[in-house]
Ligand SMILES: O=C1C[C@@](O)(C(=O)O)C[C@@H](O)[C@@H]1O
C-alpha cells in the first residue's frame, strides 16, 4: 500500500474560518475524510503545524519512508529556504499545493522557495489541488 504524507503549514488549521472568500468554507479535517474515502488504496498521513521547525522535523521523520509528500507550506512557501532544503534532503517526491491562485494575489506570494524542489505545483484549484497531487504521487514511480 502506498503511503502519502500531506503537510499543511501555518494558518491552514483555520481553513473554513479563515478568509472564506479566498480559502472556502470547509475545514481541512472535514475535507480529509473525503479524500481518504476517495483513495482507500493509499495510506494518507496528515500533519499540520504553525511552526517552521516542526514542519521540517516531520519531513525528516517521514520523508525517507513515504511514497510522496503533498505540501502546502502556507506563507513559509515564500520565505523558507530551510523547508526547501528539507525537501531536497529526503527521498520522497513532493508536490506543492496552494488553495488560492497565488499568482493573482500580492506579488510577495508569486515566488516559492519550494517549487524547484517539487515534481510539480498545483495552484488555485481550491482543495481539489490536494486530490490532484495525491493522484499524481500514487502513479509516480521513482
Ligand atoms: O497561507 C497561505 C495559503 C496558501 O498557501 C494557499 O494555499 O493558497 C497561499 C499562501 O500565500 C498563504 O500564505
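Including glycine, each Cβ sits where the backbone N, Cα and C put it.
Listed in TrEMBL for this protein:
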type     : residues                 : note
SITE     : 18                       : site 'Transition state stabilizer'
ACT_SITE : 23                       : active site, proton acceptor
BINDING  : 72, 78, 85, 99, 100, 109 : substrate binding site
ACT_SITE : 98                       : active site, proton donor
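Across the fold, the C-alpha of residue 109 (substrate binding site) and the C-alpha of the residue listed as 'active site, proton donor' stand 10 Å from each other.
For residue 78 (substrate binding site), the same-chain residues that are 6 or more apart in sequence and have a Cβ closer than 8 Å to its Cβ are 108, 109, 111, 112, 113. In the three-state DSSP reading, residue 85 (substrate binding site) counts as helix.
With the fewest other C-beta atoms within 10 Å around its C-beta, 100 stands out among the binding-site residues 72, 100. Ligand 1 lies within reach of 72, 98, 99 from the recorded positions 72, 85, 98, 99, judged by a C-beta closer than 6 angstroms to any of its atoms.
Here the Cβ of residue 18 (site 'Transition state stabilizer') has 13 other Cβ atoms within 10 Å, regardless of which shown protein chain they belong to. With the fewest other C-beta atoms within 10 Å around its C-beta, 85 stands out among the recorded positions 23, 85, 98, 99, 109. Cα to Cα, residue 98 (active site, proton donor) and residue 23 (active site, proton acceptor) are separated by 10 Å. Looking at residue 18 (site 'Transition state stabilizer') and residue 99 (substrate binding site), their Cα atoms lie 12 Å from each other. If you compare every pair of Cα atoms in 72, 78, 85, 99, 100, 109, the residues listed for substrate, the longest distance is 24 angstrom. Taking CA atoms as the reference points, residue 100 (substrate binding site) and residue 23 (active site, proton acceptor) are 7 Å apart.
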